[in-house]
Every structure is written in structure tokens, then in C-alpha cells.
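Structure first, commentary second.
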Amino acid sequence: MTTGVQTLKNYIGGQWVESRSGKTEAVPNPATGEVLAYVPISSREELDEAVRAAKEAFKTWRKTPVPRRARILFKYQQLLVEHWEELARLVTLENGKSYNEAYGEVQRGIECVEFAAGAPTLMMGRQLPDIATGIESGMYRYPIGVVGGITPFNFPMMVPCWMFPLAIACGNTFVLKPSERTPMLANRLAELFKEAGLPDGVLNIVHGAHDVVNGLLEHPDVKAISFVGSQPVGEYVYKTAAAHGKRVQALTGAKNHSIVMPDADLNVAVREIINAAFGSAGERCMAASVVVAVGEIADELVEKLVAAANELKIGNGLEESVFLGPVIREAHKQRTVKYIELGEKEGAILVRDGRKDAAVQDNGYFIGPTIFDRVTTDMTIWKDEIFAPVLSIVRVETLDEAIEVANKSPFANGACIYTRDGGNVRKFREEIDAGMLGVNLGVPAPMAFFPFSGWKNSFYGDLHANGMDGVEFYTRKKMMTSRW
């Protein structure tokens, strides 16, 4: 093991605890390959300890007055703001995205904490004083207990902040299993929450892989599971946790289509599509992975997209003006290369080859912006979620055809349209099968006070993340009818 490189600890019952598993994995900087830390691959027994700590803490936390919980969250928000730059740098170091994008991700995480701090309002029930003569009814919200969260590598700040602040604000306790690829940020979030005054055991972190995940899904004292990640894993999480009687929300894969109409402002469309397709190296569930070019604008649109992609600076995200950082691991880079080779083999036209960018030869896991033209819906690069800076362009003649193409996908997370025509927007809104829609913008991810998630194979469950859906997910109701 490299001298001077820390081995991370689990956070259980308010204490930093060394894993007893004896197993670790390296956490490299994707831009350089340098090992930043080692993450423990913890055992199921260690997960059980965290659940016990959370269950014990729930006894008192659930009875903590809601305004007191809110004050702790307000303090937490203040600390996150004070450490904003530190957190953004840490996101860039372990994830690889540009510092500007990491800074924005920290902002989105802080906004989630701000929403959760509104717990006194969010937890309010409803009452009707006269359902019959002398009889009244009321609905009251209560926490559900110990909640488990399983988060991905691509948003190590934002996605955990979707989960544990709101769950905790609602009176629950939480066990977080962050991605073993980006574990350092999760530990820092826990440190700051403790500094804000969060009681021991309310938030716990257990690093690991399959044993920890399965432990969360099957543990009888875990009442709900929130998951963000790939579609196959999300489906497994949903089925396994549901079979063990848990409430589940699983946000999974995506293949987001951007429809560009002939009347669109192409400069706006190109700017937004470039940001949406290649920001975060394409490793996000709201990435624009398919452009559907409608009618005669296709040639000009392709030309402008390639020209804009050629201007992007590729490199270490900590360097000034870098737009496109590396993908998360060498294996993911090689997987992306295989998709590019497959796209060529299946007959798509490769108009920009990200394998040829100079940065690809560096030590990091770089792949440049890649664009395919004349892609069809029978091609693998259209069907699969590549999760990399690869953009496919499909050509059609009408909006009806464009919507048909988008709706063929088994994924339905997001979709966008670029147009000046309100009639086009209305038709798109009514007929597209997707959960989050954008008009003349590339990433229609809603703010924390609206629900976030898609349809079809992009989501398993009933209640989405964030907004009042999140409050509903993390609470249960009691109805009381009284005669006086």
C-alpha cells in the first residue's frame, strides 16, 4: 500500500471506525491515475452494526421537535456554504469532472439541504373539523424508521444530498452506502453534519460493495431504500428490497433524446446540446445522448455540433478552462472505445472521433467528445446507455417521427425540444414518454422542491426523489377520527 495514502473509515454511531474486513480498493484520481485513498470493502456484519446504531438513534431522533431538526439543517447548510470550494475540489479529485461543474454540483446539494430545512412546513398534516356532526378527522405524518441509501459515483455530492438530509429532516435515521469509486466526499459530508450538531447514529456510512448492498436490501430493520445507479442494478435493488417488505425508489438508466426542429435557434440548440452531451464526460442520467434532427436543418446542425465539440478543452478538471474531464475508470474508457468501434461497424458515420484527442494519451482515463451521424434505432449505440461523451444523431422528417424515435427507447428519464413554435411544444409535452422535459435547454433537471425521476426503465417505484414525493417517501401517515 502506498505510504501516506489514507484508508477511509466507516462512520457508525457517530464514531469513525476502521473496517475489520481486511479488504480495500484504491480510489484513483481519474485525471492522473494517482491513488487518493483506499476504501474499505466492508462486511455484512459491519453493515449490521450501522443499522443497529441507526435503530437505536431513531428512538430519540423521531421525538426531536421538528423545529430543532430544522435548526441543525440550517447550520449544516451554513457549513456546506463555508466549505463550498473545498467540497468542489474534492468532487473533481475523485470524480474527474471540471471544477466549474463540481462547483455547480455542490450548489445543487446545498439546495437540497435548504429544502429539507423546511421540515416544519413539509411535515404538516391535514385536518377537517366537521366530517360529521361533532366528529373531526386529521392526518399526521410520522417518520418510517431506518432508511438505506445507495448512491453512484457521478454525483458524489448532489445525490447523497437528495437522500439523507430530507430523510433525517422527516425524523428518520440513515445508513448510506456511497459509491466505492467516490467515497471521500461522503465522509466529509458526515463530518460537517456532525459539526452542525447532528446526534450520533442519525447518519451512518458504510463503505463496501455487494455484501453491504445486499445487507441493506434484506435487513429487517431497514424500512426503505433509495437508490440511484444503473438500470440492471436498480431493477435488482427494487425487486430484492420490495421482496423483503421495504418501500423502494430506484432511479436508473437513461437515453435522453433532444429534438431539434427546423425553426429552432441553432446557436442555442448547439450550445445546450454540447453542454448536455459532454458535460461531466457524459456520465449523468440527464445527459443528451441522442439528437433527433428534424428536416432540412440536419446538415447544418451536425456541422455546428462538430465545430463546437472541437473547441472543448479536455484535461484535468482542476486546470483553468477545462470543460471535459476523464471518465471514471480505465475500464469505462475501454468500454466506451468498444462502443465507438461498434458504432462504426454497424454503419453509423463517425463525424468526430474522441479517441484521437491528444489528452487520450495522458495518464488519466480520457476520451474526447465523439459524435455519430445517421444513427438508426436498430444500432446498439442508440439502444444502450453508454454513459460517456458519445452523441448519436438520428435524422427524421417530422416531429411525429422524432417523438416516435424517442418513445421507442425503453428508457424515459428526460427529453428536450428546440423550437420557437408553441404548438410543437404542446405536442411534445403531450406525446413524449419521459418524466423530465426541457424546452430550449439541455438538462431539464428540476430544483429540489420538485420531484426528480423518469418513467419506464428509468425508474422503479412509486414515489420519486425530491419535492413532496420525497417527503411522502420518507414518511408514513396516521389518520385519527374523533368524536367530542
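Keep in mind that glycine also has a Cβ here, set from the backbone N, Cα and C atoms.
Source: prediction; values computed, not measured.
Under the heading active site, nucleophile, Swiss-Prot lists Cys285. Cys285 (active site, nucleophile) carries neither a helix nor a strand DSSP state and counts as coil.
Cβ environment of Lys177 (NAD(+) binding site): Leu47, Gly148, Gly149, Ile150, Thr151, Ile205, Val206, His207, Gly208, Val212, Val213, Leu216 lie under 8 Å away, each six or more residues apart in the same chain. In this structure, Lys177 (NAD(+) binding site) is part of a beta strand by DSSP. Residues or ranges marked as NAD(+) binding site in Swiss-Prot: Phe153, Lys177, Glu180, Arg181, Ser230, Thr252, Glu385.
Non-local neighbourhood of Ser230 (NAD(+) binding site): Pro152, Thr252, Gly253, Glu385, each in the same chain, at least six residues away, with C-beta under 8 Å from its C-beta. Closest in space to Cys285 (active site, nucleophile), of the binding-site residues given as Phe153, Glu180, Arg181, is Phe153, taking the CA atom of each residue.
Under the three-state DSSP scheme, Thr252 (NAD(+) binding site) falls in the coil class. Whole-number maximum of the Cα to Cα distances across the NAD(+)-binding residues Phe153, Lys177, Glu180, Arg181, Ser230, Thr252, Glu385: 24 angstrom.
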